[in-house]
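Per TrEMBL, the feature active site maps to Cys303, His471, Asn491. Taken from TrEMBL, the feature coiled coil applies to 175-202. The annotation compositional bias 'Low complexity' is assigned in TrEMBL to 1-12. Per TrEMBL, compositional bias 'Gly residues' is recorded for 29-38. Taken from TrEMBL, the feature domain 'Calpain catalytic' applies to 223-553. Annotated region 'Disordered' per TrEMBL: 1-38, in sequence order.
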Amino acid sequence: MGAAPAPAPATAGSGRKRKRVGVEPAGGRSAGGLGDGSGGLAMDATTLELDAVKFAQLAVQRDHSGRYQEAVFYYKEAAQALIYAGMAGSNLENIQEKINEYLERVQALHSAVQSQNTDPLKSKQQLDLERAHFLVTQAFDEDDKGNAEEAIELYTEAVELCLKTATETSETGLQSKLKQLARQALDRAEALKESMSKSSQKEKSTVVKPNQPVRTFFPLGPDFSLNDKPQTIRAVQASESQGQRYTAEEIEVLSDKCGKLPLSPKQKAMFAKWVRPDDLTNNPTMIYTVSSFSIKQTIVSDCSFVASLAISAAYERRYNKKLITSIIYPQNKKGEPEYNPCGKYMVKLHINGVPRKVIIDDQLPVDHNGELLCSYSNNKNELWVSLIEKAYMKVMGGYDFPGSNSNIDLHALTGWIPERIAMHSDNQAFNKDNTFRMLYQRFHKGDVLITTATGVMSEEEGEKWGLVPTHAYAVLDIREYKGLRFLQLKNPWSHLRWKGRYSENDTRNWTPDLQKYLNFDPRTAQKIDNGIFWIAWEDLCQYYDVIYLSWNPSLFKESTCIHSTWDAKQGPVKDAYSLANNPQYKLEVQCPQGGAAVWVLLSRHITDKDDFAHNREFITMVVYKTDGKKVYYPADPPPYIDGIRINSPHYLTKIKLTSPGSHTFTLVVSQYEKQNTIHYTIRVYSLCKFTFSKIPAPYTISKRVNGQWKGHSAGGCGNFRDSYKNNPIYQFQLDKSGPLLIELRGPRQYSVGFELVTVSTVGDPGSSGFQKKNSGDYRCGFCYLEVENVLAGVYNIIPTTFLPQQEGPFFLDFNSATPLKVSQLQ
């Protein structure tokens, strides 16, 4: 099969000439013409063109050498790079023709891939040599950072592994490589020990002065080149080692101490064994190139997670921002994740309010045919998809994952700010036109990641439209053309596409101009079902249920957070009548001219697998304009921004400020039917300066009195003079003047209130004195009275129901900053 590189793309610029594009696929044909691509993506067309050339060259190389599986992968990536280049405004000719050629070559290679024999797997001794190489690489990195003790230990471990393996093989060439690597590692270790010994004898500076002679050592030979220049051995200070070292078990190949992950029922039915990457392929690699199109979900019920992984990969590819590849460790000096033959990996996930390190081994489940039973990359050598999924499944309790939504999953992967937009008919706030305009603009600025999900539908309806009920889809692109609005979606299954308008089989609505604008050829799409399709915005609003957004936190200049706990014993089960026991916070914002936005994210911590599976806790955030003072009644004053209680761990509140100056709010955490103690994080994002703190309680002393209205003592309010005097009466004495809070709690079915009467005060009462105060309007089940300064003295309090003969128990709570004594008079 022949192939010839075409001229490289021209330098980006408005006046550049058209060039032919890409590389001819092996077995390819000549290309036709295609006009300019168009689009509003903030992408670099020239970079994408160069990516296309690079991937096409790699594809042809793999194709010629018979490595068809890798060739398929790179042909697909070359085609996708051209699609993105067209969207970014590329002036290259023949883009669509070249895309078609690459995809046709993919189709032609599929049969070859199926019949291709895999290379023999490496022996245990060859794998041990790779592990020793990796240990030396890690040692060199520690050496370069000045962590001498860690480096020495790693070098020593590599030496021991090499010598042990050399005795286990009779292959002369392999023995030679092992012994050479052992000598090189030993020499490094000895040089470091010598340097440490000299530095420990010095009394002063531990840093090598410029005029001091230093020993140099050269790279580790032609088989292990870490650098092409001699490296200086720095004098180092002997000290206690810091950080986690490799154990003997980890060197041999790590097996997670937490054991194997629980499998889902579908996995169990097909499961054969757990395997390592080197049991599957002769050339395991962490990642060749990040791509949303290579990700494939299998039988784990984590469609939302796979969709989240796909759009994160697409974002990284488009904007050259390390969103996914930055969370996998170990990494090389370029910050790129790398394969670890010792089997130990760390994945950074944002869980329960903070970034966390999740440690996993690389054992993966396969069926009796050796096929993976977890999500994977279509490039069989790549591990990143399977390992990131495994880390997330470990946190969530196993592959028997109950399912999630993309708000939760994307936040865990990226730490971006989650938002949920319901599209169903009972959401009156949903506006199709405004929502599309916002999505279009923000998506093309790179500000937001988007997924969408279907709701409940019948099997017949799903079959008719090519949709999966309650299933998540990644949004890969958003486009608008002559009043027509489209979203490009990806099914995480990598097959099964939309069958309605503008599907690949739609012969009525597609026009040549529209196909050109969307870089979409229905005939080509009919050949390969990769689960990617275009859908009209109106159809998405009709057949899908919800849109999940994840916003880039770097949009905000300022951010802070508070972690806290809400004990289930604090306050009533429902807060419909009283917010007195709800966590409350003061937010003060300094708004500049032109206005600003402040977003508040409430995240409930998930600490139990069953809790995550059933989502019984409903949370929300309610905002009041009360100058940061505590709120006691849910509707008095009315909320500035009311909250909807949802059973999602994340709830986002947006505060929009238009007038300059200081704005102070009270934020109240609320639950629906509180049953359990919850832990939570509140994170505030702002475009301007702000302060955020928990509202302090000015009271240091609390006393509770239990009482009841019964028979004669259920006298009702003051409107009933004859019986009012029969109500219970309590007397309390304040030793010093200070703030006072009195709360009355009674049966919810009764309206309750109380009167506070001054008996005597110490000294001149002045303006702070009063004869009587009351709790205000009678309210169902709860009322309160808060006085900033009550004079030292003696006071009576009379708790009542509104009507006489309303019997039941009640609680009187006294809160003050000074000692008080309470007794019952009647």
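These residue numbers are counts, starting from 1, taken along the chain as shown.
The backbone N, Cα and C atoms fix where each Cβ goes, glycine too.
Each residue contributes its Cα atom, and for Cys303 (active site) and Asn491 (active site) these two points are 8 Å apart. Counting in whole angstrom, His471 (active site) lies 9 from Asn491 (active site) by their C-alpha atoms.
The average per-residue pLDDT of the prediction over the coiled coil (175-202) is 75, rounded to a whole number. Take the CB of Cys303 (active site) and look out to 10 A: across all protein chains shown you find 26 other CB atoms. Asn491 (active site) falls outside any helix or strand according to DSSP and counts as coil. Of all the Cβ atoms in the protein chains shown, 21 others lie within 10 Å of the Cβ of His471 (active site). For the recorded site, His471 (active site), the DSSP three-state label reads coil. On its own chain, Asn491 (active site) has Val468, His471, Tyr473, Arg497, Gly531, Ile532, Phe533 as residues at least 6 apart in sequence with a Cβ closer than 8 Å to its own Cβ.
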